[in-house]
Amino acid sequence: MVNREHSVDLMGHDDAVAVLKLTVSYDGTAFWGSQRQMGRRTVQDELERCLRGLGFEHPATVFAGRTDRGVHAVGQVVRSEDGRPPWSDRKVAMAINATLPDDVAVGTVQRVAPGFHPRYDATWREYRYRIWCGSDQPLERLRVWNRRAPLDVEAMASAARLLIGTHDLAAFTGGGEGVPWSDRARAPRGTVRTIAHCGARTIEPWWGIVPGHGMGIEVRVIADGFLPQLVRTIVSALVEVGMGRKPASWITRLIDASDRRYGPETAPAHGLVLWRVGYDDDLPDPGPDGRQIPVVPTRFHQRVNGEQTTWNDEPIPPDHRT
């Protein structure tokens, strides 16, 4: 290997190592989630295997958010480091995609500051969930929640608006794999999150859907952060309202209860997509009415000697600090 002159600054950053921000999409059908799991196929394992094969000296990756088995993404953000002689961002993306399997791809590559952290620097995240009410759709069976009975979308939209704001969302979340909801509630940040937008609307049939055989519904949620199974449980609650089993005010009662035992079952994973992660001055796509959705403001980040130690007032574990 050719020796390259480089230096290490006071924060420990090696100027010969480029920090890369990757925008990654994947079909979650054949993955056991985004994060590494022993003996399971994951997005992280596939991506790091590819980077290692390309000669990356630091192939370890950090993801903006964890997605469960079967959940898809079009805007996942991943950090990696490259210590090889510099390639253009476009060439890096092409090289990565040439070796990745066909159910995961890198859309863009961007060189960023050494301190960039895809999770802790994000100011908002957006998920979308699709429901199809009508006859079975074989081509989309792994990308929508197929329900035969119609739903009252206006009632769902009214219920969704009640979730906007800062709430304790314990009734809508699990603790994550192997973690009960009660343990999640005792975490430093607890189960309080700020939802900037939550809406439900009908959408036109898309490629793969047979037109005239039902109705498509999209639920869109934008927040400063998410909890395990949060969006899927919100969707399930909205479906209960859409079926007429519960009034819209039931959502408020669930929020007030702050207890997962009173919440609905979790909707299937395959209808959910991690749509986008926002940083700095990024703005979400406008709402259906064309108005700009107000984003959640960035909260206080404490740095000690250049090291970020808190995120939204929650301590960051030392091994995740930048």
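Placement of Cβ uses the backbone N, Cα and C atoms for every residue, glycine included.
Quick look at what TrEMBL annotates:
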- 24-121: domain 'Pseudouridine synthase I TruA alpha/beta' (DOMAIN)
- Asp68: active site, nucleophile (ACT_SITE)
- Tyr127: substrate binding site (BINDING)
- 159-280: domain 'Pseudouridine synthase I TruA alpha/beta' (DOMAIN)
- 303-322: region 'Disordered' (REGION)
If you rank the recorded positions Asp68, Tyr127 by how many other Cβ atoms lie within 10 Å of their Cβ, the lowest count goes to Asp68
Cα-Cα, whole number of Å: the residue listed as 'active site, nucleophile' versus Tyr127 (substrate binding site)?
13
Three-class DSSP assignment, Asp68 (active site, nucleophile), comes back as coil
Its residues classified by DSSP, the domain 'Pseudouridine synthase I TruA alpha/beta' (24-121) shows 25 helix, 29 strand, 44 coil
Taking every residue in the domain 'Pseudouridine synthase I TruA alpha/beta' (159-280), the average pLDDT works out to 87
